[in-house]
Amino acid sequence: MNKPIIALDFASKQQVEEFLAQFSEPLFVKVGMELYYQEGPELIRYIKSLGHEIFLDLKLHDIPNTVESAMRGLSKLGVDMVNVHAAGGLEMMKAAKRGLADSDTKLIAVTQLTSTSEKQMHEDQWIYVSLEESVLHYAKRAMQAGLDGVVCSVLEAQAIRDACGQEFLRVTPGIRPAAVSADDQKRIATPAQAREKGSSHIVVGRAITKADNPSESYSQIATEWSGHQ
Ligand SMILES: O=c1ccn([C@@H]2O[C@H](COP(=O)(O)O)[C@@H](O)[C@H]2O)c(=O)[nH]1
């Protein structure tokens, strides 16, 4: 079972240091826009030096040439996973993959953000199919482009596994243990539901980072996710 991915949604390296000091084991962490835009590649090198795996969640979405060049730069960081928006299209996703050609970094595509409801998708994007159909369409395009998987919610993970196979990654944020607030997330599920419904990875931020005891919260989530309760 893959480790839960902890979203390090912090504003500074100091906050990251204080947070990571509470853990004694190697972790799988996610660095997103908030942290990377403030601390940059140096922070990635620091986290790697501690022995943690890294998902660099920058969600690239631009013309193919720009994305390919950006990915070529990111490939030098030696992170474990990066991503693009599937809405950027097949050619953009293929370009992103070309940019990573000389690295082992896995490339996944965001389908529909877990903060998006079906109603919002209709109103904001004018995509008039069901949310699951839209996510499945993006997943199939990502597979066609040669990507390693997608970011989706737990609610679509099983359908993607059925359509794209077990090896195609289903990385699922929007994870909320029972009784934890949904915040801005719309398509949420518990760690146990993620396991039952076919997620390959779960991404957890505030339920751990804002907990009174983050390492205890992490252990409880990891236990529920693994099914060894
Ligand atoms: O569809 C998506 C894609 C990325 N995210 C990111 O995951 C974490 C979730 O944080 P929580 O505090 O557990 O809600 C956050 O970094 C998002 O940028 C996502 O939520 N949904």
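Glycine too: its Cβ is placed from the backbone N, Cα and C atoms.
Per TrEMBL, these features apply:
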- Asp57: active site, for OMPdecase activity (ACT_SITE)
- Lys59: active site, for OMPdecase activity (ACT_SITE)
- Lys59: active site, proton donor (ACT_SITE)
- Asp62: active site, for OMPdecase activity (ACT_SITE)
- Asp9, Lys30, 57-66, Thr114, Arg176, Gln185, 205-206: substrate binding site (BINDING)
- 3-221: domain 'Orotidine 5'-phosphate decarboxylase' (DOMAIN)
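Mapped onto this structure are the features recorded in TrEMBL.
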| residue | record | Cβ within 10 Å |
| --- | --- | --- |
| Asp9 | substrate binding site | 17 |
| Asp57 | active site, for OMPdecase activity | 25 |
| Leu58 | substrate binding site | 16 |
| Lys59 | active site, for OMPdecase activity | 17 |
| His61 | substrate binding site | 18 |
| Asp62 | active site, for OMPdecase activity | 16 |
| Pro64 | substrate binding site | 18 |
| Thr114 | substrate binding site | 25 |
| Gly205 | substrate binding site | 20 |
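Per-residue pLDDT, averaged across the domain 'Orotidine 5'-phosphate decarboxylase' (3-221), gives 98. Asp9 (substrate binding site) falls within neither a helix nor a strand when secondary structure is assigned with DSSP, and so counts as coil. Less than 6 Å separates the Cβ from ligand 1 in the case of Asp9, Thr114, Gly205, drawn from the binding-site residues Asp9, His61, Thr114, Gly205 in sequence order. Put simply, of the active-site residues Asp57, Lys59, Asp62, the one whose Cα is nearest the Cα of Asp9 (substrate binding site) is Asp57.
Across the structure, Gly205 (substrate binding site) and Asp57 (active site, for OMPdecase activity) are spaced 13 Å apart at their Cα atoms.
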